[in-house]
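Just below is one structure, and these are the notes that go with it.
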Amino acid sequence: MSGARMSSTLASPSSAASPTGSTPSRDRRWWWALAVVVLGSFTVLLWMGLEIDESKPPIPARVVATDGTVLVDGDDVMDGQRVWQSIGGQQIGSVWGHGAYVAPDWTADWLHREATFVLDEYARDMGVASYDAASPEQQGALQARLRQTFRTNTYDPAAGTITLDPVRARAFEANARHYADVFGRGHEQYAIPAGTVKDPEAMRQMTTFFWWSSWAASTNAPGDDATYTRNWPHEPLVGNTPTPTNVLWSIISIIVLLAGIAGMVWYQNFGPHDDEVTDAPPTADPLLGYEPTPSQRATLKYFFVVGALFVFQIAAGILSAHYGVEGAALYGIPIDRILPYAVVRTWHTQLGILWIATAWLATGLYVAPAVGGREPRFQRLGVNVLFGALVLVVGGSMIGQWLSITGRMGYGTTRSWWLGTTGMEYLDLARLWQIGLLVGLFLWFGLMARGMWPALGRAADGPLTPTAEAPLAAGGRRTLVLMLLMSCLAIASFFGAAFGMGHDTHLSITEYWRWWVVHLWVEGFFEVFATVVIAFLFSRLGLLRPAVAATATLSATTIFLLGGIIGTGHHLYFTGANDPVMAWSATFSALEVVPLALIGFEAFRNLRILRVSEWVAGYKWAIYFFLSVSFWNALGAGVFGFLINPPISLFYVQGLNLTPLHGHTALFGVYGMLGIGLMLFCVRSLMPGREWNDLPIKLGFWGLNGGLLAMALLSLLPLGLAQAWASITEGLWYARSAEFLATPALTVLRWMRTPGDVLFGLGALAIGVFMVGLLTGHSYRAGGGRTVPGQAVAAGTTPHEEA
Ligand code: HEM
Ligand SMILES: [Fe+2]
C-alpha cells in the first residue's frame, strides 16, 4: 500500500536492509508529513463546513401562494424532518439520495409528481387534455414555462417567506394526499406497512419536509443557475442536468488519480527498497506456552458476542433484502406488522458496525498486556465493565429503534431522539446510546493505553527475544505502538462528531457531521487501524522487520489521510454545498484510490509471511482473512468506490444499487474480514489446547468471500447499472420507481441476490458453528493430542501442503 511496503514486497528477500532496517531520519520526515497532512486537511474540511453553512438552502418560516393560500406557517419543515427521523428517516426511502433503496427517493419522487401535475395543468390551459397528449412543440413550450416557474428563487430572506405560483400550491395538496395515503394505508412495493404515520398533523409536517427537500433541489441558489443541490436529482423536465463544474472536476479527478498512480509506481521502482519480511524469524511462536492474564481471558466472551451479532446481522440483512422482492411478507407470512422493513434495516446496518467494533475492541484489549508485559491493576474489572456497557448499548438501542419506528414513542418527539432513533443512517442509535458508545470507546482506549504503556518507555529498538510475560513486547519499535494507540484514540474521538447533529439541526449540517463520523472512520482511521494492527501483530511475532514495517505503516497512513480527510466531501456534493466544495472533494477523494489501486501487493507480502516458518501455519486462517482484506480493499473500496465517486457519476447514481454494491463489498469485505481475521488470531492464542478442526473456518472463508462476490456480480452490479441507465435516460425518480423495478428483467435481477446471500449466510453460519464448537469441543480435532497456541500443524506436514 505504501510505496515502501510495496517496494519491499517486490524486492527480493535478500535485498539490502540492515538487520533492524533502522530508518530514523526517514521516519522523522514521515512524521512531519503526517502532521502537515492532518492539520492542512482538517483546515480544509472545516472551511468546507463553513461554506456549506453559507450555501445551504434556507428553511422558510412561511410559504404562501400568490393567491393568498398559506401552505406553511411556522416550524413545519423542521417538525417534519423530526417526524421523518422518528419513523426511521433514512431507513425508509431516501432524501437527497441518502438512505434506503426500496421506497422512492422522496426528493426526486416529489419533484417528478409536482412537475407532471403542473405540466398537465399548463397543458389544459393550452386546451390540450394532458402534457402527454401535447405535440412535441407544445411540450417544449410547456417545459420552458415549467422551468421558469420552478427554478426562479422567490425566497425573501428578510421575511423568511417563499412565494409560489397557485398551481404549485395545488400540486402541493395533491402530493400531500398521495403521501398521506402511502404512509397511512401502507404501500406494499415500498415495504411501508399500514399505519406508519397515524397522526394527520405529523403527516402534514413530514409532507412539508419532503416538499422542502424538493424545493431546494429545483430552485436556483441565489445568483446562480444551479439549484441548492447542484441540480441533483437528474430531472430533465425542470432542467436538472449536470453543472459545468460537475463535468469539469469529474474529468480533473480522473486525471489526478492517474497521476497519483503513476507517482506511486515511480516511487515503487526508484524509492528505497527495504524488505519488510524478515529472513530470520523466531524458531517458535513467541506466544508458545504464554499464559493469558485474567483480563485477556475476560476478552474471550467478546468474541462470542461478535459471532452472535454477526449471525443476527445477517438474519436482519436477508430479511431486509427479502422486503425488496416481497414488500410485506416472508414467503407469505405477514411479518411487516411486527418487524417493519425500516426496523430490520436499521438493525442490519447498526449491527454491522457494532460487531466489527466489538472484534477490534477485543483485539486491542487482548493484545495490550502481552505487549506491555504486565497486567495492570483492575484491568479485568475494566474489561468486564466495558463488556456490560456494550451489551447495554446494543440491546437498548435496538429496542429503542423498534419502539420509535413502530410509532410507540410519538412522532418527532424528544423521547424518540434520546431513546428511539435519530433516523440518520449508520448513526441511527439514539442520543443516549451514542453517549454510552462514546464513553465505552474512551474506556476501551484507556484500558488499552495503560496495558501498552510500559512498551512505550522501552528503548526504540529492542532485541528480538520475547520474554515470558511479554511475548509481544520485544523487538518492537515505539512507532508502531504509538500509531496503534493513536488510531484507536482517533476512532474513539471521531465518534464525538456525531454530537454535531442535534434534534433541530438543518439537514445539510446534519449530513456534514454524520459523514465526519462515517467517512472519517471507514476511509480514514479504520484504514489506518487496519494497516497498523496487521503490521503490528506480524512484527511482534517476529515476522516483519519492525523498523521497516514502522516506516511503511507511517507512510501508508500519511498517504491514506492525504485523500481521506478532504475526501469526506464526496458525500456532500449534493447536500447544499457549493462549487468549490465539490472541486476540492472530487480531487482529494480520487487520491484515496491511489493506495488502494496498488494494495494487492500487500496480499503477496502476507502470503510470503505464511511461508517464513513452519509454526506460522497455525495462523493460516487469520492470515487468509487478512489477504481478503487486501482483495476487497482493491475491488470493493477502490474499484466500486471510484465507480460512484466522480461527481458526474454520483449525480446519476446516488441512491441507486451501485452504492450498496460498494457499501457491502467495502464495509464487509475490508472491515468485516479484518474483524474475523483478528478474532481468529486472538482466539487461536487465547485458547491454548488441542489442534483445531478448521473445516468450518475453511467453509466460512470461501462461503463469505464467494457469497459476497456473487451478491456483487450477479445482482447488485447489474441491478445498479440497469438503474444507472434508467436514471441517465429518464431521471432518478424513474430508476427508483416501483414501475421500473417491477419490470420482469429487474425482478429477476433482484431475486438473483438469493444465491449469493445464501452462500454468504452459510459461510457466516460456519464461522458461528466453529465459535460454538470451541465451547462444546467439536472444533478441536479428535485425537489430535494437545498442541500449543499457534502450532496447529501436525508434525510432518508443511504449510505449503496445508494451503
Ligand atoms: C474500506 C473503505 C470504504 C468503506 C468501508 C466504505 C463504505 C461506504 C459505505 C457504507 C457507504 C454508504 C453506502 C450506503 O449508503 O448504502 C459508502 C458510500 C460511498 N463511498 Fe465508500 N467506503 C470505502 C471507501 C471508499 C473509497 C475509497 C471511495 C472512493 C474514493 C468511496 C466512495 C464512496 C462514495 C462516492 C459513496 C456514496 C456517497 C453518497 O451517496 O453520499 N468509498 N461507502
Ligand atoms: Fe466516503
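From the backbone N, Cα and C atoms, a Cβ is placed for every residue, glycine too.
Any TrEMBL annotation is an automated prediction that lacks curation.
Keep in mind the model is a prediction, meaning the values are calculated, not measured.
Feature annotations, reproduced from TrEMBL:
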- 1-26: region 'Disordered' (REGION)
- 7-24: compositional bias 'Low complexity' (COMPBIAS)
- 60-234: domain 'Nitric oxide reductase subunit B cytochrome c-like' (DOMAIN)
- 247-267: transmembrane segment (TRANSMEM)
- 302-323: transmembrane segment (TRANSMEM)
- 352-371: transmembrane segment (TRANSMEM)
- 383-403: transmembrane segment (TRANSMEM)
- 432-449: transmembrane segment (TRANSMEM)
- 480-501: transmembrane segment (TRANSMEM)
- 513-538: transmembrane segment (TRANSMEM)
- 547-569: transmembrane segment (TRANSMEM)
- 581-601: transmembrane segment (TRANSMEM)
- 621-644: transmembrane segment (TRANSMEM)
- 664-687: transmembrane segment (TRANSMEM)
- 699-726: transmembrane segment (TRANSMEM)
Average pLDDT across the domain 'Nitric oxide reductase subunit B cytochrome c-like' (60-234), rounded to a whole number: 96
Positions whose Cβ lies under 8 angstroms from the transmembrane segment (699-726), at least six residues beyond its ends: 621, 624-625, 628, 631-632, 636, 640, 652-653, 656-661, 664-665, 668-669, 672-673, 676, 734-736, 740, 745-746, 749-750, 752-753, 755-764, 766-767, 770
Any contact, the transmembrane segment (383-403) to the transmembrane segment (513-538), with at least 3 Cβ pairs under 8 A: no
Highest-contact recorded stretch vs the transmembrane segment (621-644), from 247-267, 302-323, 432-449, 513-538, 581-601, CB pairs under 8 Å: 581-601
Contact check, the transmembrane segment (664-687) vs the transmembrane segment (302-323), 3+ Cβ pairs under 8 Å, seq sep 6+: yes
Proximity of the transmembrane segment (247-267) to the transmembrane segment (432-449), 3+ C-beta pairs under 8 angstroms: no
